[in-house]
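Features reported for this protein in TrEMBL:
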BINDING   B:45, B:52, B:425  Na(+) binding site
TRANSMEM  B:39-57  transmembrane segment
TRANSMEM  B:69-90  transmembrane segment
TRANSMEM  B:111-139  transmembrane segment
TRANSMEM  B:191-211  transmembrane segment
TRANSMEM  B:220-240  transmembrane segment
TRANSMEM  B:273-290  transmembrane segment
TRANSMEM  B:302-323  transmembrane segment
TRANSMEM  B:413-434  transmembrane segment
TRANSMEM  B:455-480  transmembrane segment
TRANSMEM  B:486-509  transmembrane segment
TRANSMEM  B:530-549  transmembrane segment
TRANSMEM  B:579-601  transmembrane segment
């Protein structure tokens with residue numbers, strides 16, 4: 001009995017390996033660049049990390065695909081390289097010989113990309129799924145373009161400067177005109193006063209000369 | 001006997017020395033400088049412009065690095081300084097703007113002043129457009145991250161816009177977002193309104209700074225002339241602490257003595273000296289005319305020459321630290337990308353290939369698997385190419401520098417600082433420019449005499465803004481380049497030549513020497529005599545002849561931003577349309593011909609005059625069409 005179980009296990013793993021192969025139509029290649037992402041803090045890629053990957057992918061399939069109970073065994077991995085790249089395929093939980101369609105896998109990976117990235121402390125660039133482009137973040141676009149604010153400030157300042165300078169020129173001109181008028185007005189008054197004095201003294205002389 | 005053309009009535013047109021002494025004591029209504037510092041700072045600001053940052057370093061590097069300094073400094077002293085003193089002295093002596101001075105020397109020479117005014121106007125128009133672009137970048141620097149670090153996404157959000165993807169974020173931002181360039185100068189494509197707003201800001205700033213003439217601009221220069229030096233110092237310190245800056249400086253100053261034999265080096269040095277001093281624009285004559293009569297203009301000329309020479313080298317050093325940094329960054333990125341490509345293709349562990357063993361690893365892989373390596377499309381990373389790309393003109397400021405700034409920590413601060421510096425450099429040059437336009441307009445009575453200075457400035461700025469809308473079109477970049485190449489080259493050299501001939505041979509070098517003795521206290525030495533009479537006019541004549549010969553021999557071509565061309569993302573070289581010859585004639589020919597045409601007009605050759613002018617215009621057009 002035991003040998004039958006062992007044979008079945010061996011056969012199923014061999015079958016699973018046959019399902020997964022480099023260039024499989026329903027599989028994807030994954031590439032990790034742990035050293036360039038983490039530098040000194042880089043961890044070593046080993047069996048446990050691979051187990052985490054398979055578990056994360058199973059989680060993604062469970063949550064974002066058809067809701068079936070995917071398990072770690074459903075994610076089959078092959079062709080591991082020292083680069084840290086490998087191929088994987090996902091088998092259906094109902095029938096281990098059936099592969100899940102490429103598009104469903106892609107959809108699940110896309111939707112849970114940030115969870116998968118953070119599980120490995122990597123980013124879209126350093127954890128690549130070849131064939132699944134990451135959805136790019138749109139550039140931050142504020143409601144009012146900041147340059148209009150700066151433009152408004154500058155124009156306001158300059159406009160205020162023009163107004164101030166023009167007003168001060170006009171005020172200066174008015175003041176100059178007023179000073180000029182006062183001077184000429186004062187002069188004529190003085191002349192009238194000296195004339196009156198002069199007339200008085202002239203009329204005083206008259207009785208003396210007549211005698 | 002000195003060679004002097006007969007000039008009757010000269011004494012009636014100019015003030016005598018006694019008149020000048022009397023006017024010194026009186027309180028005239030002619031504008032005056034508040035102090036000597038204001039005058040010197042205005043002149044320094046006028047001479048030191050954006051060209052010192054983006055033209056001189058490029059010339060220095062392409063013409064043999066450190067060796068270029070030899071022709072530059074020699075010509076600075078032999079060509080620039082004498083002309084500078086000439087303009088200072090004649091303005092200070094005759095106490096008039098550019099038109100007034102030449103009209104006083106001889107009424108037939110008024111054309112020189114008119115030519116100066118036209119050149120100042122044409123150059124001022126496109127120069128202020130550059131200021132508008134600088135303002136746009138300045139306004140957009142107040143955000144983090146800077147807008148030229150990101151490409152916009154395409155429609156379905158999976159990638160970037162292809163034009164941005166194929167070139168770079170900074171290229172896209174300059175040619176598409178800022179200018180929205182069309183693919184040809186003939187294709188105007190409508191007005192790009194952000195540039196209109198920036199032009200409005202630029203002209204309004206100019207208006208407010210110059211609204212009372214030198215009364216307001218003299219205060220503004222305290223900031224606009226000094227701030228660039230401070231910012232350059234900050235950038236120098238920052239630049240030297242960046243990786244790769246020293247390779248930039250080494251690249252700049254590595255002398256190549258063979259370049260000294262190349263005549264083009266000397267021509268470019270001479271032309272650069274001429275433009276660096278802003279000679280023949282008329283602004284320097286105007287500024288000197290506001291000086292007290294006994295101001296020591298000889299000392300001023302020497303000091304200004306020294307400052308210009310020093311600033312050019314200083315700015316070049318700072319520029320090349322930043323260029324060196326950017327080139328090193330791009331080189332490192334190029335190597336890393338290549339390493340990644342190799343690792344991915346051969347599935348090797350990550351630390352197998354590093355920057356140190358890249359060359360050996362590449363050779364090993366190439367010899368073992370040549371076909372695979374060939375198919376990988378490994379880019380060649382060449383430091384020299386990276387150091388020499390895009391290092392001139394608008395490309396330097398808006399593409400190379402903006403890219404370098406994005407790689408520095410705290411980019412918005414550096415961006416604001418850099419564009420404020422460029423703004424100050426440009427505005428201080430424009431003060432001289434606008435002086436060279438407004439004062440002749442008043443002297444020629446083209447504007448009513450009873451208008452106050454404010455109205456004159458306002459009207460000039462308003463009209464100039466409307467003409468500048470030409471540069472706000474989608475083809476605006478090409479128009480700016482056209483103006484840069486033709487309005488500011490041949491006419492200035494022609495005017496400079498006429499100025500020297502006019503002062504030395506028509507006003508009379510003896511009379512000029514006496515004037516200087518009266519103003520400064522001693523007669524100018526043998527150096528000045530020799531350079532004024534022979535050396536400087538000869539140098540300018542040689543440069544002018546060579547310029548005209550090379551310009552008429554070359555086919556008129558220009559660079560366009562065309563996403564559909566084969567060389568994209570490099571700019572494509574296309575020929576100008578045929579009607580551009582008429583525009584070139586207007587830009588370069590009209591100011592240069594203003595001198596002889598006005599002289600003939602003044603000689604009352606009226607019946608001859610109109611026929612003469614018309615036939616001259618036709619001749620000019622025929623020459624250009626034939627050359628095509």
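Every residue, even glycine, has its Cβ placed from backbone N, Cα and C.
Note that TrEMBL annotation is computational and uncurated.
The Na(+) site, placed at the center of the C-beta atoms of B:45, B:52, B:425, has further neighbours from the same chain whose C-beta lies within 8 angstroms: B:44, B:47, B:48, B:49, B:50, B:53, B:225, B:228, B:311, B:424, B:426, B:428, B:429. Segment contact holds for the transmembrane segment (B:273-290) and the transmembrane segment (B:39-57), given three or more CB pairs below 8 angstroms at sequence separation of 6 or more. Counted over residue pairs 6 or more apart, the CB atoms of the transmembrane segment (B:486-509) and the transmembrane segment (B:530-549) come under 8 Å in at least three pairs, which marks the two as touching. Taking Cβ-Cβ distances under 8 Å and a sequence separation of 6 or more, the neighbours of residue B:52 (Na(+) binding site) in its chain are B:276, B:308, B:311, B:312, B:315, B:425. Listed by sequence, the residues of this chain that lie at least six past the ends of the transmembrane segment (B:191-211) yet keep a Cβ under 8 A from its Cβ atoms are 128-129, 131-133, 135-136, 139, 178-180, 217, 220, 427, 430-431, 434-435, 438, 453-454, 457-458, 461-462, 464-465, 468-469, 471-474, 476.
Among B:69-90, B:111-139, B:302-323, B:455-480, B:530-549, B:111-139 has the largest number of CB pairs under 8 A with the transmembrane segment (B:413-434).
Listed stretches B:69-90, B:111-139, B:455-480 were compared with the transmembrane segment (B:302-323); the greatest number of C-beta pairs under 8 angstroms is found for B:69-90.
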